[in-house]
Structure formats: structure tokens, C-alpha cells
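What follows is a set of notes on a single structure, which appears directly below.
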Amino acid sequence: MTIIHNLGFPRIGADRELKRAQEAYWAGKNSLDGLLATGQALRARHWAIQAEAGAHWVPVGDFAWYDHILEWTTLLGAVPARFGQADDAPVELDTLFRMARGRAPSGTPAAACEMTKWFDTNYHYIVPELHPDQTYRIARESLFEQVAEAQALGHRARPVIPGPLTWLWLGKGDAYAGGADDAAKLELLPGLLAVYEQVLQRLAAQGVEWVQIDEPILVLDLPPAWREALAGVYARLAEQGLKVLLATYFGSVEHHLDEIRRLPVQGLHVDLVRAPGQQAAVLAALRDDQVLSLGVIDGRNVWRADLDRVHEQVRAAAQRLGGRLWLAPSCSLLHAPIDLGLETALDNELRSWLSFAVQKLDELRLLRGLVDDEADEADQRALAAARQAVRSRAASSRIHRRDVAERLAASGAVRRERTPFGERIAAQQARLGLPRYPTTTIGSFPQTPEIRALRRDWRTGALGDAAYEKAIRQEIERVVRFQEEIGLDVLVHGEPERNDMVEYFGELLAGFAFTAHGWVQSYGSRCVKPPLIYGDVARLAPMTVAWSSYAQSLTDRPVKGMLTGPVTILQWSFVRDDQPREQTCRQIALALRDEVQDLEQAGVTVIQIDEPAFREGLPLRRGDWAAYLDWAVDSFRLSTSGVRDDTQIHTHMCYSEFNDIIEAIAEMDADVITIETSRSNMELLGAFEAFSYPNDIGPGVYDIHSPNVPREDWMVDLMRRAAQRLPAERLWVNPDCGLKTRGWPETRAALQSMVQAARALREAA
Ligand code: GLN
Ligand code: ZN
């Protein structure tokens, strides 16, 4: 029988038990024993699910407190000095938590380690801190304990560990200023490998047969030093008495096959969902003594597979490899929601198109039946249902809308150019009459418990439409009056009607659906529930016009219309896989274009289209950037280019590093871009300066992540620095990001002082 297996299962629990247990523990409301018991129960449940689905091994080590990279960092004893870890003592769980979040029920608080995105997913890992003189040792026993735990439950345990090269690549340190690929990091390998060897030997002594070593960096562009390091590393790791499955995912490894084929590993896993084209080359590179694991069920998305198509896809490999072919999801199922069975509120048709982690394992089992030609009667029925679902999804009129298809087909002819910026900005200035250093905010105002309760009561029906509308209008009026009172120049309505900047629009657009339990881990105990874009996207009715024009009716000052951009909506959703992402993005862009024009018609003179996820969308390999940036920029322009010269388009992005995408940012051609810069002391403006960025820019003058009230002189100073880099007449004064997580007292004080700072700048000019 063909072997089926899994690279990792979501750890949070179908009911987000892990989140609750951890948060309760941090808050002192759960004991350590209680916490550990929750972890153990979740592991047992998840192993049972996988074993019952027919997985030959169960992964061990995919469970993690907070983050699996942090787990591995602490197992290696790589604890930064500020956490006071003794060299010879085990690393306590509270130390791991302090590294993640700065504090824990025991131990002295210290600055938390940095966190960043895991490849191109929305999962975030804790960045290992690397030091040239770091000594490594086995400093935590949890992996070995969990192997024993799985074995005691009768499972074949297959440990999953991060590969040494990937772990180093992800790490940072003062001595490695060159960045991820700094070759000096490779000098840490000898010390690191000694501990890897010990780990593998101990696992072998526990009776483990296979270990899965994850090296997702093999899908990236690697400098020669890193490629060359592979052989030495795996020569050692593959000789420790157990078999090594080298796992790669999120892209193709074709560009590294010359190195990979020489590694003495016993098996290789590749992602055929993201990179189906690599199969032939990988097969050709495989040695006769090696196993090939093909990742054919999408671990990153929620759609049911077309099993006949996948069967066709792996047929040649199955014929050639026989028992040396394994089948698996493309990557760890960490990135998928857990169980579609919980989604009782979705209609049957839509549900039939979906597959979450539990269902994906079952798909794998059915696929094995096809490959081995051994499907029993129950499997045949399940296969028939799967085929029916695939047919219905291909043909459903809920997915394919003629109006959208025709509009998209014709959209190439839609003009994306606006009048040159110089002319536009003059027209805008004549209409808006703003002072120098105009002040504005990014959109949201504090989301108080009262506002949250309003939306909740309206959703449950406890509050009627009229009462809800009245209450939201009152909040908008309060926010508008406040902004007038403190003297802001371009106002906002405050976004009280929005729970989330993507969900709000998804709920009003055709083609979106929402799950009740489709949570995935974002970081630590934080989970997100992305919308599903299952069909053609269309705007059914204006989405923001009533709130925005009401806000505008209250004041003579301009109130910004506030929309979420097409790339951000795409990036923070599960996107349909039956057409290219760029096509879905352009559909969203066209829907937003109509909204932009309706706002303009309604008398809104300034419209902001937020794109905080613009950079996140960048492909993993540099060579693929241009194509992405092309359609991402085009989508933004498609949304925004339909307006008059004197309608001002803003955008907002809140992350660092513009250097390598500044050209694309300029091509977006927003009249004003507001960005996060306060924490970098305006250093981020360097990219805009070097490029001579021509349009207006609002470098955030204070960090909204902190409740501290910024000082006026500090903000004046920051703006002076900005004015050294860019023409003063192009500068705006605003916070780093939206204020929804802040309270009113600090918001009031901070904005008052920001307005004072702008006045001081004007007077000095
Ligand atoms: N307009 C949004 C807000 O102010 C922008 C949020 C974001 O950039 N993430 O909340
Ligand atoms: Zn932001």
C-alpha cells in the first residue's frame, strides 16, 4: 500500500483550547499542570485523528507552546542572556514564554524576542537570536517526552524538527548584520550540528525510525555558501542511526536539485501544490534508495482537491517508485482551519467545496485508494461525492458570474492613468484649501467596549437596524466633533461600524463566505479567521457611502472615505484556487472602483484605500517579484483611477522597508501615502528620499502601539528630520496607524499634541 503521511497538524485545537489555556495560564487563572494537561490532551486527540485517517506515522514536535521555532530555539539552549538562563539548568516553560512575550507567571520580565512572518504565510515565528559565542546543548526534554507519549498511545512517532540551515537563516544577531543570508552565520554550524547529532541519537535510541527535517529555505534563492553547506550538514545528520526525510515546501526546489541529489538523506518531500512543475526534475534526481514524498493536498488553503486530477498527476511517479512513493499534504496543516465538520451554518453546496485539516487527511486516504486501486465501497461513495463537488464547483452560477467575467475581460481598456501629479495636486489644493503640514489620522478611532457591544447586539438581533444606525451615527458625530475641536485638517469617520478591515467588505461583497470556526494560528495564542473568497467578486450595493457621506454632512472640513485595498483583501483571505490570484484581485479592484466613484459622487473629496498587506504579497523568490508588483499596482490603480483630478486619493501602509519596492509604491501614484515611521526615527524615509518620491507623504509621527502620549517637541523634531529628506510642502502630519486599539484619554492627548506640533512647524516655516 502507498504510504500516506502528514507533515504537521494544527496545534490550537478545534475549540481554540490552546489559546484559552495559555492565556489563562499567563493571567494566573490556570496552573502549570492544567496547561500541560491541555497540551497533552490536544496532542493525543490530533494523533488519533491522523492515525485513524491512515497516516503511517504521526508527526511529533509539530505541537508547540507559542511557536515551533521558539520551541526548537529553547531545546537548543539558545536563550538570550537577558533572560538569565543558567548554563546547566533546563529551560523552563516560563522562560520560553518570557522570550515570546516578555513576561510569564515566573521569572523576571525582559524585552521579548522579535517576531516575524513565516515565509509567505500569515503565521509568525519568534526570531532566534544568534551570537558568535553561543554554546548549544539539549536544554529541553519536551520533544523526547512527546515521542514517548505518542509511542505509549500506540503510534509510530515521527519527530519533526527545523533543519539547521533554516534555523540559522531565520535567526538574527548583531554579528550578522548582512541579514538572513549572512554567510557568517554558517560558522555557528559546528556547535549546532553537535547538538543535532545528540538529538537524533536520542531519538534513535527511543526507537524512532524516521525523522522529518524541515528545510523550507530550499525553495528560496540561496547564496553559494549556503548551498555548499548542505552537503556537510546532511552527511552528518543522515548518519545518526535513523532515516531522514528532508522536507521542503512553499515552492520549487528545482534550482537546488544539483545539491539536493547529492545529499545522503533517505527521503525528500516536495510541494506539488505550489510548484507542480518540479515533479519531473525531482523524479529524475531521485536515487534508487530514496523515498519521494509528494505534497499534493493543499496545506495552505481550504478547497477540496480534485482527486482524479491529483491521481493523474502522481500516476507516473507511482508507477516508477512503487512503495517508495509517499503522499502527503503540501506542507504542515498548521495553516489550515481544523474541521469543516463544525461548520454547520454553511450551506451544503458551499460546504461540499471545502476541506479543512481533518478532511484533507481523509482526501489523502481516498487518493491512496485511487493510486493503489483499492477503494472499498464506502470509499467509492465518498469518491463519488468528491467528484460531484468538483463538478458543482466548476459549474456553479454562484461562483461564475457573467457580469463580472465580462467586465473583467473589458477592464484592460479601462484607463489607469490620472493627470500628472503636479496638476492634480494643484486642483486638490484649490478645492481643499489645506495648510502646510496638513494633519490627519489613519482611519479608526478607539473601539470602545460600548461600540463592540453595539455591533454584537445588532448581529444577534438584540438591537434593531434603526437603533443601531442611530447609535453608530452618534459615534461618528462624536468623532467628527472631536476632530474639529482639536483642529485636525482632514477628518475621518472613525470606522465604528467595522469589526475588521477585510471582514467588513467581505460581508458586503458577492463571492465571499465566512466560517464560524475556521481559525488558524497567527502567532502565539492569536488566531485569525480569514474570509473565504469562493466566487466572482462583485459589489452588490454601496458599502461605505452612507456612513461617509453622513460624516461629511456634519462638517465643512474634508472627511476621508475609507476603503481596504484589493491586495489587502486578497492577502488576508483564503483565495479561490480555480483562477489566478491576480484575476481575483482585479475583480475586487473593480468592485472598489465603483465604491470610490460613488463616494466621489456623494461629495467625498478625499478617499483613502489602505494597503497594509501590499508588501506581504511579495513572492518568496526575487525573480517573481516583478510579476506580482505589476498586477498588485495595477489593481490599486484600477480602484483609484476613475476619479476627478481634484479628488484626493490616499493610501496607507504600516510596515518597514520600502527600499526594494519604492518604484512600485511610486507607480501606485496615490496623491498621499501615510506610513509607519516613528519607531525608525524617520529612517524609513531614506527610500523615498533616494528615489525622489514625487507625491505627498505622511510619515507617522507617533507609535500607536503604545499608550504613551508623544511629546510635541519630539514630533516636531521627527518632522524636521523628514523635511531634511523630502520637500516640506509634500509632508503630512499623522500617527503611524489607526487608533482602534487605543483608549480615548491617550488618543485625545496624543492628537492634541500632534496638532500643536503641526502648528509649531507652520509657524517656524
Ligand atoms: N484604516 C485602518 C485603521 O485605521 C488601517 C488599519 C491598518 O493599517 N492595518 O484602522
Ligand atoms: Zn496601519
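Note: Cβ is positioned from N, Cα and C throughout, glycine not excepted.
Keep in mind that what you see is a predicted model, and the values were worked out from it rather than measured.
H705 (active site, proton donor) is surrounded by 14 other CB atoms, counting those within 10 A of its CB over all protein chains shown. The annotation active site, proton donor is assigned in TrEMBL to H705.
The feature 5-methyltetrahydropteroyltri-L-glutamate binding site is assigned by TrEMBL to R16, E17, L18, K19, K117, R526, C527, W572, E616. With a cut-off of 8 Å between CB atoms and residues at least 6 apart in sequence, the same chain places K117, D120, N122, Q571, Y655 near E616 (5-methyltetrahydropteroyltri-L-glutamate binding site), listed in sequence order.
Here TrEMBL flags I442, G443, S444, E495, D610 as L-methionine binding site. Neighbour count (other Cβ atoms within 10 Å of the Cβ, all protein chains): 24 for E495 (L-methionine binding site).
Summarising the annotation, TrEMBL assigns L-homocysteine binding site to I442, G443, S444, E495, D610. Under 8 Å, Cβ to Cβ, and six or more positions away along its own chain, D610 (L-methionine binding site) finds I442, G443, M501, M562, L563, T564, G565, T568, T651, H652, M653. In three-state terms derived from DSSP, D610 (L-methionine binding site) belongs to an extended strand segment.
Classification of C737 (Zn(2+) binding site) by DSSP places it in coil, neither helical nor stranded. Per TrEMBL, Zn(2+) binding site is recorded for H652, C654, E676, C737.
If you look up TrEMBL, you'll see 5-320 marked as domain 'Cobalamin-independent methionine synthase MetE N-terminal'.
Sequence annotations record features per position, and here TrEMBL assigns domain 'Cobalamin-independent methionine synthase MetE C-terminal/archaeal' to 438-759.
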Cα-to-Cα gap, S444 (L-methionine binding site) vs H705 (active site, proton donor), nearest whole Å: 13
Protein Cβ atoms within 10 Å of C654 (Zn(2+) binding site), excluding its own: 20
Candidate recorded positions R16, L18, E495, H705, pick with smallest Cα gap to E676 (Zn(2+) binding site): H705
Candidate with the highest Cβ count within 10 Å, taken from the binding-site residues R16, K117, H652: H652
Maximal Cα-Cα distance (Å) across residues annotated as binding L-homocysteine, namely I442, G443, S444, E495, D610: 13
L-homocysteine site, defined by I442, G443, S444, E495, D610: further same-chain residues with Cβ within 8 Å of the Cβ centre: T441, V492, M501, M562, Q608, H652, C737, G738, K740
Nearest-integer angstrom distance between the alpha carbons (Cα) of R16 (5-methyltetrahydropteroyltri-L-glutamate binding site) and H705 (active site, proton donor): 26
Remaining residues near the recorded Zn(2+) site, that is with C-beta within 8 Å of the centroid of the site residues H652, C654, E676, C737: I442, P612, M653, Y655, T674, I675, G700, D736, G738
